[in-house]
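Trainee: Before we start, here is the structure in question, set down as C-alpha cells.
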C-alpha cells in the first residue's frame, strides 16, 4: 500500500518546518518499510497570493482524496482583507472534511519541567489531552452580522454534534487514565446546559470513566494551579480554542504542541498549534518540534506506524531533556540543527 499525503506548507515558518519534517519521513519510511507519495499544494496566504483565495477547489479535492494532511502554518499581517483571509481557508477545510474533532496533547517531558513558566513541582508529570469540538459553535453559528452599532454571533449546538465529540473523548479517556473533565458554562449558557445534559447521558455508556464538570473559568484557573489533575478535557469550540492555547504554555513553549483534527472517517489533518511567526520566517531559528510531533501523530494514527511514532517521540524527548533545543527553549540550536540531529538518530 502507498499512502497519499497532502503537504500544505502555508505561510511564515510553515514551509521550513514542514519540509524538514518531510525529510525525516523519508528516513522513517525506509527504516520501517512503508511507501508514501506527497502532493504539495499552496494554502492560506500563499494561495491567496497565487490564486486569489486561501483554499482552491484543486487543493480541497486533493485533501479529500488523501490518507493524511500535513499543515505547516498559515496567516500573517500581510493579508488584511477581512473577506479573504488565510484563516478562512482553514475553516473551510475543516468544515468540508467534517473535521469535528481536534486533539491537542500537552506533555511535560521528564527532566524538562524547568522550561515551564510555572513552578516545576506544579507541572512535572503533566500529561493531558484537550478534545475540542471543531466545526460548530460560535465560529460557525448563524445568524451573524456586524455594523458600527451592533454585532451578533450565534452559539448553536445540536444534540448530535455534542454526542459525537463526547463519545470520542470518553473513548480516549478509557484508553488512558480513565478520567474525563467536561468544560462548559452551564450556569449562564443554554448551549452549555444541553452540553452537560448530553455528557451525563453518554457517561452511562462508559462506566469505567470518571466524569467531572468544570465551568470554563474554573478550568482555566486549575490548568495553571494544578495541571497534573487532568487526563482528558472535552469542550466546545471557543472554550477549546482558548484552553488549549493556555495549556500549550505549560511545557514552556507553543513550539512543543502538536495537534490532530479528524472525523469518523476520511483523512486526518496534522499541524502544530503555533502560528506562522512571520517575524522569524526564513531565519532558520524556528522551533520545529511541534511540527515533528504532529508528524509522529500522523505516523501513529494515519500511516499505521506506531513503532516509528514512538521512536520519533522518544528522540525528541531525549533532545529536550538534554538541552538540544532552539532558543525559545533555552538552547543554542537552529532549525536545521534539530533536523540534522534527528536524522542522525533515526539513521543510527
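FYI, residue positions are counted from 1 along the chain as it appears here.
Note that Cβ sites are derived from N, Cα and C of the backbone, with glycine treated the same way.
Per Swiss-Prot, the feature NAD(+) binding site maps to 76-87, 275-287; the stated evidence is sequence analysis. Annotated substrate binding site per Swiss-Prot: 94, 104, 132, 217, in sequence order, evidence recorded as sequence analysis. Annotated Mg(2+) binding site per Swiss-Prot: 217, 241, 245, in sequence order. Positions annotated as site 'Important for catalysis' by Swiss-Prot, on the basis of sequence analysis: 139, 185.
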Trainee: Taking the binding-site residues one at a time (217, 241, 245), which has its Cβ surrounded by the most other Cβ atoms within 10 Å?
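Mentor: Comparing the binding-site residues 217, 241, 245, the most crowded Cβ belongs to 241.
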Trainee: When the Cα-Cα distance from residue 132 (substrate binding site) is computed for each of the recorded positions 80, 84, 185, 283, 287, which gives the smallest value?
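Mentor: Going through 80, 84, 185, 283, 287 one by one, the closest to residue 132 (substrate binding site) is 185.
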Trainee: Neighbour count first, Cβ atoms within 10 Å, every protein chain included; then name which of 80, 84, 287 tops the list of binding-site residues.
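Mentor: Per the Cβ count within 10 Å, the most buried is 287.
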Trainee: Could you measure between residue 245 (Mg(2+) binding site) and residue 185 (site 'Important for catalysis') for me? Cα positions, answer in whole angstrom.
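Mentor: Checking the Cα atoms of residue 245 (Mg(2+) binding site) and residue 185 (site 'Important for catalysis') gives a distance of 19 Å.
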Trainee: Quick check for you: of the recorded positions 185, 241, 283, which have their Cα within 10 Å of the Cα of residue 217 (substrate binding site)?
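Mentor: Final answer, ordered: 185.
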Trainee: Across all the protein chains here, work out how many other Cβ atoms are within 10 Å of the Cβ of residue 76 (NAD(+) binding site).
Mentor: 21
Trainee: So among 94, 104, 139, 185, all listed as recorded positions, which is physically nearest to residue 80 (NAD(+) binding site)? Use the C-alpha atoms.
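Mentor: Looking at Cα distances from residue 80 (NAD(+) binding site), the smallest one goes to 139.
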Trainee: Among the binding-site residues listed here, 104, 275, 283, whose Cβ has the fewest other Cβ atoms inside 10 Å?
Mentor: 283
Trainee: For the recorded Mg(2+) site, whose residues are 217, 241, 245, find every other residue on that chain with a C-beta no more than 8 angstroms from the centre of their C-beta atoms, and list them by sequence position.
Mentor: 216, 220, 238, 239, 240, 242, 243, 244, 246
Trainee: I'd like to know which of the binding-site residues 84, 94, 275, 283, 287 sit within 10 A of residue 139 (site 'Important for catalysis') at the Cα level.
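Mentor: So the list reads none.
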